[in-house]
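In what follows, a single structure is set out as structure tokens and then discussed.
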Protein chains: 2
Amino acid sequence: MTTRADCAAMDAADTLAPLRPEFALPEGLIYLVGNSLGAMPKAATERARQVVADEWANGLVGSWNTAGWFDLPSRLGDRLAPLIGAGAGEVVVTDTTSVNLFKLLAAALHRQAADPAASARKVIVTERSNFPTDVYIAQGLAEWLGRGYQIRMVDSPDELSAAIDADTAVVTLTHVNYRTGRMLDMEAITAHAHAQGALTVWDLAHSAGAVPVDLRGANADYAVGCTYKYLNGGPGSPAFLWVAPRHQAEFRQPLTGWWAHAAPFAMHPEFKPTAGIRRGLCGTQPIASLAMVECGLDLFARTGIDAVRAKSLALTDLFIRLVEERCASHPLRLETPREHAQRGSQVSVAHPDGYAVMKALIARGVVGDYREPEIMRFGFTPLYTRFVDVWNAVETLRDILDTRSYDVAASRDQVT
Amino acid sequence: MTTRADCAAMDAADTLAPLRPEFALPEGLIYLVGNSLGAMPKAATERARQVVADEWANGLVGSWNTAGWFDLPSRLGDRLAPLIGAGAGEVVVTDTTSVNLFKLLAAALHRQAADPAASARKVIVTERSNFPTDVYIAQGLAEWLGRGYQIRMVDSPDELSAAIDADTAVVTLTHVNYRTGRMLDMEAITAHAHAQGALTVWDLAHSAGAVPVDLRGANADYAVGCTYKYLNGGPGSPAFLWVAPRHQAEFRQPLTGWWAHAAPFAMHPEFKPTAGIRRGLCGTQPIASLAMVECGLDLFARTGIDAVRAKSLALTDLFIRLVEERCASHPLRLETPREHAQRGSQVSVAHPDGYAVMKALIARGVVGDYREPEIMRFGFTPLYTRFVDVWNAVETLRDILDTRSYDVAASRDQVT
């Protein structure tokens with residue numbers, strides 16, 4: 001049996017432990033929702049003050065140049081790139097994940113439509129259990145484009161192989177499932193898609209900063225992702241998008257705003273796309289929110305994604321083991337794969353009273369979240385989560401379940 | 001002849017003077033680029049600190065509910081609405097002007113396509129001198145939709161009447177031109193468009209907070225606008241969109257992200273639009289940038305748009321008069337209409353060496369900006385611009401021109 005002392009020993013040996021003090025974490029709280037909104041790097045307070053009280057108040061409009069605001073999407077993109085196996089000039093941080101997915105799905109469909117050998121392909125393949133906005137964006141795009149485009153949803157990743165066929169234009173999947181924490185085999189699925197003549201658009205919302213991603217190595221085509229989860233960019237911080245170098249020359253997306261123009265300040269009345277990844281930009285970016293993304297990236301620069309992954313697996317292994325050892329008498333069902341190769345950085349556990357149990361956990365300072373149906377999600381951010389946090393979280397869960405200290409009749413305020 | 005003492009007397013009588021100390025303005029600077037990036041309300045520093053160091057750091061993911069983050073687009077929209085002649089539940093603050101224009105142009109075209117009497121209409125009418133991103137977005141939309149959609153650009157607003165015809169689906173115009181400061185007659189153009197069977201999408205980027213706008217009174221259909229110019233929301237703060245109540249039931253836009261879903265947290269795999277204006281939302285918003293928009297709106301709540309307009313016209317009248325009285329010997333050409341009904345809150349003056357002259361002005365602390373070709377732009381934000389600022393700005397301009405203290409060979413770094 002694992003003991004609390006074992007957990008303390010793991011913390012003592014943790015090479016990432018020096019990064020925890022860089023985060024502002026409320027005293028006594030065990031925060032296991034870094035997969036939804038990452039905790040605040042302490043440096044973000046000063047960065048926000050600097051952007052507002054220095055760059056805006058004093059630099060005023062000149063800060064677009066002197067403070068580097070206009071270049072920020074590219075500069076942050078270049079810093080983020082190594083975390084997802086991308087190179088410089090391949091990523092921009094901009095807009096939202098939903099908007100970026102719209103751009104890249106459209107770009108992928110456009111590329112297929114321009115290829116005589118692929119122009120008859122009209123199907124976008126995805127998972128029914130994909131994060132809803134990904135499905136909605138694909139639905140909205142297909143409906144709006146018309147021309148016979150349609151969505152094909154599979155009920156399980158096991159069905160993907162058969163579902164990706166000669167009619168498939170694009171496959172769009174989230175690499176790590178938001179609900180179960182299951183991670184897909186990006187390289188194998190991409191290879192299968194390519195063999196069938198389809199392109200891939202990967203959503204890295206639950207991967208970037210959580211697991212090693214190798215977009216180039218997997219020969220992926222397009223990707224989007226989120227900066228406010230494991231990258232700790234701040235509430236609603238702008239998302240990112242990536243286009244494989246081999247697709248950049250032909251990269252076209254419909255949101256052709258002035259930031260994607262070859263000469264945005266020449267004010268020509270005809271759109272002429274810039275070269276490279278800035279074609280993925282559209283309009284003027286929210287600088288205060290964008291600038292804080294750098295504070296999270298600064299912390300990743302002090303470690304490596306392999307060290308992050310090693311600790312992540314140790315944390316999730318420990319959580320699964322402790323839940324099974326200490327809560328064995330309760331009707332809990334592990335929704336997250338045990339195989340490391342199929343696991344992201346969260347563990348999802350179903351319980352018939354999952355909503356009420358999660359509410360009780362939160363009331364006692366163990367903050368996870370809940371997703372329909374029945375699923376309690378626990379996210380483990382290696383940069384600031386300790387092994388003793390895992391112990392304490394499970395002990396609190398065990399006590400709540402053993403004493404039935406939760407209210408199944410409680411009203412269902414949404415937990416974001 | 002107008003004297004400096006006259007200007008000082010106007011300041012002494014200015015009912016908006018108490019608002020100037022609410023802004024952080026660098027000592028000695030005359031800031032006439034509020035039409036590009038508004039100055040910082042002092043309250044924004046504290047609001048940014050609060051969002052980051054309190055709501056994010058301590059409230060963490062719970063702040064989506066407890067700090068009202070999820071509702072912020074609607075709450076800010078309701079506060080902004082009175083400035084543009086809109087009602088509660090008609091405006092959301094979200095995304096960028098470019099993205100919002102894409103949504104509403106698509107919505108307007110969709111509405112026309114669904115109407116058997118209008119479905120053959122394929123033309124989007126705009127001005128060649130519209131702000132480029134507006135034209136680019138229309139071009140991108142038309143190209144992606146295919147089906148024969150095309151852009152018809154007029155060279156002057158005088159040509160609009162003839163250009164809006166039985167083929168016109170949508171007319172999209174910026175109410176106040178970014179380059180000349182010319183204001184269009186929204187009510188008359190909208191009436192003409194409707195008489196021809198067309199819908200209107202107005203861009204209020206240079207109007208909101210600068211001139212009275214009456215979207216309902218003008219019987220307008222759709223509108224977008226910017227919060228970081230005259231509304232002083234901060235660099236790249238999210239934009240807004242408005243849909244006339246009579247169009248809201250049929251309102252559809254292609255960027256169908258989860259924030260527009262009827263039950264976003266139910267995680268259904270089919271998109272079902274929410275009721276009302278939140279259909280204009282898409283993905284998760286950049287909260288730090290969004291929250292600061294309120295600081296600018298708080299200041300408008302202490303005055304009224306009619307008082308703002310009265311001072312704006314007094315400032316621009318004064319500027320025009322002083323330039324003509326004191327710089328009469330120089331080849332300056334007024335690009336902004338003299339008629340009040342056709343003037344926004346900026347004055348544009350062309351000079352053959354406009355770029356170099358503006359650079360010299362900025363070096364001497366009079367900050368306007370430059371737009372090709374030859375145009376020096378001076379924006380007058382009534383909330384913080386004094387009549388003596390106008391005097392001093394013109395005196396500096398006069399001295400630079402009289403002594404030819406500018407370098408025509410200077411390199412052309414872009415002035416945003």
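Cβ atoms here come from the backbone N, Cα and C positions, even for glycine.
Curation does not apply to TrEMBL; its annotations are automatic.
Since this is a predicted model, take the numbers as computed values, not measurements.
Cβ neighbour count for B:Thr174 (pyridoxal 5'-phosphate binding site): 28 (other Cβ atoms within 10 Å of its Cβ, all protein chains included). What TrEMBL lists as pyridoxal 5'-phosphate binding site is B:Thr97, B:Ser98, B:Phe131, B:Pro132, B:Thr133, B:Asp134, B:Thr174, B:Asp203, B:His206, B:Tyr228, B:Trp258, B:Thr284.
According to TrEMBL, the N6-(pyridoxal phosphate)lysine annotation covers B:Lys229. The Cβ of B:Lys229 (N6-(pyridoxal phosphate)lysine) lies under 8 Å from the Cβ of B:Gly34, B:Asn35, B:Ser36, B:Leu37, B:Gly38, B:Ala205, B:His206, B:Ala208, B:Gly209, B:Ala210, B:Gly379, each of which sits 6+ residues away along the same chain.
Taking all protein chains in view, 29 other C-beta atoms sit within 10 angstroms of the C-beta of B:Thr97 (pyridoxal 5'-phosphate binding site). Contact annotation for chain A: of the listed binding-site residues (B:Thr97, B:Thr133, B:His206, B:Trp258), B:Thr97, B:Thr133, B:Trp258 place their CB atoms under 8 A from a CB atom of that chain. Within 10 Å of the C-beta of B:Phe131 (pyridoxal 5'-phosphate binding site) there are 22 other C-beta atoms, taking all protein chains into account.
Across the annotated binding residues for pyridoxal 5'-phosphate (B:Thr97, B:Ser98, B:Phe131, B:Pro132, B:Thr133, B:Asp134, B:Thr174, B:Asp203, B:His206, B:Tyr228, B:Trp258, B:Thr284), the two most widely spaced Cα atoms sit 30 Å apart. When Cβ atoms from all protein chains are considered, those within 10 Å of B:Trp258 (pyridoxal 5'-phosphate binding site) total 24, not counting its own.
Spatially close to B:Thr133 (pyridoxal 5'-phosphate binding site) yet at least six residues away along the chain are B:Thr97, B:Ser98, B:Leu101, judged by Cβ distances under 8 angstroms. All protein chains considered, the CB of B:His206 (pyridoxal 5'-phosphate binding site) has 28 other CB atoms within 10 Å.
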